[in-house]
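**Student:** Just dropping this structure here.
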Amino acid sequence: MDSKDESSHVWPTSAEHEQNAAQVHFVPDTGTVAQIVYTDDQVRPPQQVVYTADGASYTSVDGPEHTLVYIHPVEAAQTLFTDPGQVAYVQQDATAQQTPLGGLEAKEEEDEDEDEDTEEDEEEDGEDADLDDWEPDPPRPFDPHDLWCEECNNAHSSVCPKHGPLHPIPNRPVLTRARASLPLVLYIDRFLGGVFSKRRIPKRTQLGPVEGPLVRGSELKDCYIHLKVSLDKGDRKDRDLHEDLWFELSDETLCNWMMFVRPAQNHLEQNLVAYQYGHHVYYTTIKNVEPKQELKVWYAASYAEFVNQKIHDISEEERKVLREQEKNWPCYECNRRFISSEQLQQHLNSHDEKLDVFSRTRGRGRGRGKRRFGPGRRPGRPPKFIRLEITSENGEKSDDGTQDLLHFPTKEQFDEAEPATLNGLDQPEQTTIPIPQLPQETQSSLEHEPETHTLHLQPQHEESVVPTQSTLTADDMRRAKRIRNAALQHLFIRKSFRPFKCLQCGKAFREKDKLDQHLRFHGREGNCPLTCDLCNKGFISSASLESHMKLHSDQKTYSCIFCPESFDRLDLLKDHVAIHINDGYFTCPTCKKRFPDFIQVKKHVRSFHSEKIYQCTECDKAFCRPDKLRLHMLRHSDRKDFLCSTCGKQFKRKDKLREHMQRMHNPEREAKKADRISRSKTFKPRITSTDYDSFTFKCRLCMMGFRRRGMLVNHLSKRHPDMKIEEVPELTLPIIKPNRDYFCQYCDKVYKSASKRKAHILKNHPGAELPPSIRKLRPAGPGEPDPMLSTHTQLTGTIATPPVCCPHCSKQYSSKTKMVQHIRKKHPEFAQLSSTIHTPLTTAVISATPAVLTTDSATGETVVTTDLLTQAMTELSQTLTTDYRTPQGDYQRIQYIPVSQSASGLQQPQHIQLQVVQVAPATSPHQSQQSTVDVGQLHDPQPYPQHAIQVQHIQVSGQPLSPSAQQAQQGLSPSHIQGSSSTQGQALQQQQQQQQNSSVQHTYLPSAWNSFRGYSSEIQMMTLPPGQFVITDSGVATPVTTGQVKAVTSGHYVLSESQSDLEEKQTSALSGGVQVQPPAHSDSLDPQTTSQQQTTQYIITTTTNGNGSSEVHITKP
């Protein structure tokens, strides 16, 4: 029998085995064949795979150069030749025996002389073929080592000598539990071991739990990582244990795939953290795992202490590597990398500021009907490239010196440009910027050495202006080269730019490495992997050969999508499809859709009605074109490489960014929006209808009613943007929101919001159908069930919340969070100030005590923030709960301005300092009384609480203080509050004269101001407004100007809640020695004191929170 034939019977041969086989050894005499197959040529230690006659395979990682496996024909024992002089017989009971090797020399001689082997095999074949005189053996008794032959009806010690060997069909290999439980996104390397990722796994992804038998610590075997499980007292008692157990992760049949995850040696290669949660141990990713990256685990901080291990500390080198890995946004000008695109954009702006040659100033010049920057570029848009032409000494242009400079325009430069710039109206046809001769050491660093360099800028328009001159240094030239490289790389990425072309076949490539790899096939002198049988032309891939074979076939390649006709040329097909035009349109043969162009219907058929053979590996979607599949795969990716330079929004696809720019940042849309805001619209009031009064929310200007509060707010913001919220009483009512319970239809969980229920279903019930949204429900038709039943919600009540108004428009929301989101979206310029926004207060602050301030700072009084409006709203809001009232943290700015009638005599003081040392709630002494205020007189019906502000002292700087003031400044306490004397009143008059043009200070009282501020208040300096209001006795408010001040003839400086309260305060003021009297008693007073009273007034003005001064008409009650 031929040895080759015997080998084919014994071995499962394949093309792969024949290519990889290194040697085939034939064991002499009665032995069978053993074959050595070496692995592929990868960069690994020398490995050998040995295939034996029984179909099994053995791998030797660090084995000898030659390994032979011999199957003994009689004893069925494996013989392993490990030493040239020894033979190891591996019996079936796994015992080994070393014996001297006697037949190895004969075997090697036969291997050296192949002809002799062939002759001996042919002789054996001749002997085996002579079976004419063969007689069956007598029946043999049962022996488990004999092979049964059904044809002979007898057993043989080996292969049947007459009928030959059997044709075995081996069992299908069954994976172990550990390998079968491996997730689809992971794979196990069969050579290196360890678990690797097929695709990107994001951070904070949980894997597990770990499965395997639990053993004691003394029974642990050698494995990758040791994991300990903390057991409860009940579990220990049930198992009769006194210690915690460990996972035994050495048996693939009992564990899951997590036994193959190898431990990390340092913090840099660690991407998983192990911890115990409940009765299970999980792995969680601590960083993004990239494709083909190995998963490596180490213990969490608390779990490491539990298993007596140390966590991996981050070294300084690892910290630098991690910092560089996080920077995924490179700058192609200075080779720096940044973490985010915003940082990269800010860095690029710094490059634009440094480059003075390409700086552009703002202007308004835009040409009409002029030449554009190539096809498809809008007028006024800057050129993408600036051509740098280096002129030699004799004036000739050098082609080698041409460089393309990439310009990065900012948004302002994009909008407007001045005439003398690149986008101006008047531009020369060629702007020349001469550059002086560079030093010799600088010239040697450049590619060219001309004496004069000229920078020629390609103009946009044809008019001429005075040339702009500047100088370029060696750094600018090197930077120009970097910009050119960045421009080339930009073209490689963004466009189908293939500059590297093969001169032999005309194929083009984007990278030079690809071209070099392609040229290797041309250098093989026609030895390409695939060859055409008709023209002997070689090809690299089967796709290239398949497309080439169409040239030799008679099959026509261009088929009509409307009929069975086909053509061998594209122009014939285009001429043919004209007969399928019906009324100027092409009709899709499948869906009857109509298209005006053949290209459109062709794309439609190819996109929607072709066979979808490209399957997505992440989901069940399939596509008919590979480019559509590539676009779809971006949905499963977290990268957003396309950034909107206007608003900062990021997109995964370039076409989505283009649609966003056309839809949101279209210049026509921006112009219409600006025009709509500036144009005032006139409305004709509608006729009063019978249904107008039935609406709760009404617009009294348009005579329109609205069912919901938000409809009225939107109407006011669009139709009446100048109208204030305070002018609409309905918008000051609390917002009523429904309170619902959201039930999970798959378990007994209940949530307070639909978003939390949705997150619960996605996490705990994957694949389950989500309940419909309440906002998208449609009213049920006749005979249909209520659609609210399908939402699995229940109304439990309502919640009333005070409205939160936007300080920049008329919008109002039920929570501050939504208002802040509105500001960030609609008012981005005020987004930084959104954290300091409070509900605006517009009520006047009217003192409840005589407004007498003395020069010694020991005197003080309490100013109560109460007036008619506050009193009325307090009485009206008594029925509301405390949830609807404004909290105590709401504040006002209070301004005290002493005004003098005489403008001569003393030096002008510089500032008046008002220091507030205490803020406390103030209760009205007549809360139990019935309201005496007409509701129709209210201008601001918002309820606010009353506060008492205790003024400790007023200090006037710019002139020497009186001795009493100096003494009070040294020791000041609220107990020094007392009435004023005549001396104090005189000093007060001197301090308060000449105050009309001086600066005053406002006291700013934010909410929770005592919690974070170590001093009493925050002082802000503000100038005196030109007109104010003075409290007078006649009930008419008079504006105070610089040249005219009305004297106060009455001593009533305070507006009280009622007349009885006013009389009580007047009595207490007179008994305290206050030198303020009505004019009827002026004869009994000191003339100097009376003069002081007539020349001193006090102005009390309120200012809302950042919205300007609110001058209130103040009169006596």
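Cβ coordinates are placed from backbone N, Cα and C, and glycine is handled just like the others.
Quick paste from Swiss-Prot:
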type	residues	note
COMPBIAS	361-381	compositional bias 'Basic residues'
COMPBIAS	446-464	compositional bias 'Basic and acidic residues'
COMPBIAS	924-934	compositional bias 'Polar residues'
CROSSLNK	Lys354	SUMO2 cross-link
REGION	871-1097	region 'C-terminal glutamine-rich region'
ZN_FING	329-351	zinc finger
ZN_FING	500-522	zinc finger
ZN_FING	530-552	zinc finger
ZN_FING	558-580	zinc finger
ZN_FING	586-609	zinc finger
ZN_FING	614-636	zinc finger
ZN_FING	642-665	zinc finger
ZN_FING	697-720	zinc finger
ZN_FING	742-765	zinc finger
ZN_FING	804-827	zinc finger
**Student:** Report, as numbers and ranges, which residues of the same chain sit near the zinc finger (586-609): CB under 8 Å and 6 or more residues beyond its ends.
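**Tutor:** Sequence-distant neighbours of the zinc finger (586-609): 561-562, 574, 577, 580, 624-625, 628.
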**Student:** Could you count the residues of the zinc finger (586-609) that DSSP puts in helix, in strand and in coil?
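**Tutor:** Once the DSSP states are binned, the zinc finger (586-609) shows 11 helix, 4 strand, 9 coil.
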**Student:** Is it the case that the zinc finger (642-665) and the zinc finger (329-351) touch, counting contact as three or more CB pairs under 8 Å in which the residues of each pair are 6 or more positions apart?
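**Tutor:** Contact between the zinc finger (642-665) and the zinc finger (329-351): present.
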**Student:** Across the zinc finger (642-665), what does the pLDDT come to on average, as a whole number?
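**Tutor:** Here the mean pLDDT over the zinc finger (642-665) amounts to 85.
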